[in-house]
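Q: Before we start, here is the structure in question, set down as structure tokens.
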Amino acid sequence: MKKFTHLIKREFRLFFSNNVLRLLFIGAPILYGILIGAVYEKGKITDLPIIVVDQDQSLMSEKFIDMLEETESIHVVGIFPDLTDVKNKAIDEDASVIVNIPRGFTSGIQQNKLPEITIFVDASNTLTSNTALMAVNGVAMTIKAGIQIESQKKKGVPEYVATQNYEPFKTTIIKQSIRSGNYLYFMLPGVLLTVFQQILLLGLALTFASEYENGTFGELVRKMPNPLGMLAVKIIPYMIMSVGILLLYWGFSKYYNMVIGGAFWAFSLSTFVFILAVCGIGVLVSIILPNQLKATEVLMVVATPSFILSGFTWPLSQMPNWVQFIAELIPLTHYLKTFRILYLNHASVSHIYAPVIALSIIAVICLSLSAIILHYKIKKVKNQSIEDVN
């Protein structure tokens, strides 16, 4: 028993002597608790952007829009006179619902012609689309009830009868992006692309750290003394292997009969830039930290909460500004946005300029820092070699 107790104490000493392990074991739960708590702190979605197309331009349509504005969960970010290019405007504003009030809406109600309000729903995010749709539908039902009661009361019909006998207008819901509402189209790509980032980071964590641990960095310097060439040697194999992963994902889409379509070459370009950005982060950490375990642990701290922070499920607009800032530093946030725009929204290529530029900035900064640090490490190895010769 004494020996067993001694070994337990020894294990504690080993744990507390490892600074990285101690920091992760204690710091990670605190960090994730604060981070994830901040993401969902509001507890509900508010001020979701929607767009209204008011073709009627009447007091009735103005009243309808005012009631939409007063609803807590939605916010009217644009009012347009017709449907021209309104889908692109909705993507620019990240609006999940477009409400179309038709021309002759008020006169149609007055003449009992049963006019129709059309609600276009971007179903690529089930959570936001359902929340916005319920809010718009609730306002429409309230307007309906008010109109029908007033109309029937003028005819001398009792209020309780009026609420059951008359419908002033129809509401038609048209789901776009994922017409079937199939959750597989939404979750499977999001999770698989998250895994794609994680396996890249795990592999890249070992690139330079393993050279340091195995004592082969000097040999690498002799064979490739140029820092840019050295980075290329480390990154290109992962870019080639990434093609295999993407082909596997394509196979999954065929197996599950996922017909998503989209701009293939534009997404291929964004994928290339995404891989560069992830490689930049991975090699930078691997260059700075000389230990494989430490490099892996640090990169996993980055990768683990990335899907939650990406805005793919819970909107970025509902997160605190400081959490949004962290999310913008993670390549997955921008890559999932390009996927949603091209493959779920079927939007034009111009809408992915911003996320691709953000990925490019991450890639350039991380790879530049990696090259600079490598330059000094290579110089140090060369100087050490000269000293050894002398």
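Heads up, the Cβ atoms here are built off N, Cα and C, so glycines get one too.
Annotations in TrEMBL come from automatic prediction, not curation.
Straight from TrEMBL, here's the annotation block:
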- 150-377: domain 'ABC transmembrane type-2' (DOMAIN)
- 20-40: transmembrane segment (TRANSMEM)
- 183-210: transmembrane segment (TRANSMEM)
- 231-252: transmembrane segment (TRANSMEM)
- 264-289: transmembrane segment (TRANSMEM)
- 298-316: transmembrane segment (TRANSMEM)
- 352-374: transmembrane segment (TRANSMEM)
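For each listed feature, how buried is it and what is near it?
A: Same-chain residues lying 6+ beyond the ends of the transmembrane segment (20-40) with a Cβ under 8 Å from its Cβ atoms: 291, 293-294, 297-298, 301, 304-305, 308-309, 314, 319-320, 322-323, 326.
Tertiary neighbourhood of the transmembrane segment (264-289): same-chain residues 197, 200-201, 203-209, 231, 234-235, 238-239, 242, 246, 295, 298-299, 302, 331, 334-335, 338-339, 342-343, 349, 352, 355-356, 359-360, 362-367, 369-370, 373-374, 377, selected by CB-CB distance under 8 Å and a gap of 6+ residues from either end.
Within the chain, the transmembrane segment (298-316) has long-range Cβ neighbours (under 8 A, six or more residues past its boundaries) at 20, 24, 28, 31-32, 35-36, 39-40, 45, 48, 94, 125, 127-128, 190-191, 194, 197-198, 201-202, 204-205, 281-282, 285, 289, 323-324, 326-327, 330, 332-333, 336-337, 340.
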Q: Short question: which residues 6 or more past the ends of the transmembrane segment (352-374) have a Cβ under 8 Å from it?
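A: Result: 227-228, 230-231, 266, 269-270, 273-274, 276-277, 279-281, 283-284, 287-288, 328-329, 331, 334-335, 337-338, 341-342.
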Q: Other than its close neighbours in sequence, what residues sit by the transmembrane segment (183-210), given a CB gap under 8 Å and a spacing of at least six beyond its ends?
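A: Non-local partners: 124-126, 217, 234-235, 238, 242, 245-246, 249, 252, 256, 258, 260, 274-275, 278-279, 281-283, 285-287, 289-292, 294-296, 298-300, 302-303, 306-307, 310, 312-313, 331-332, 335-336, 339, 343-344.
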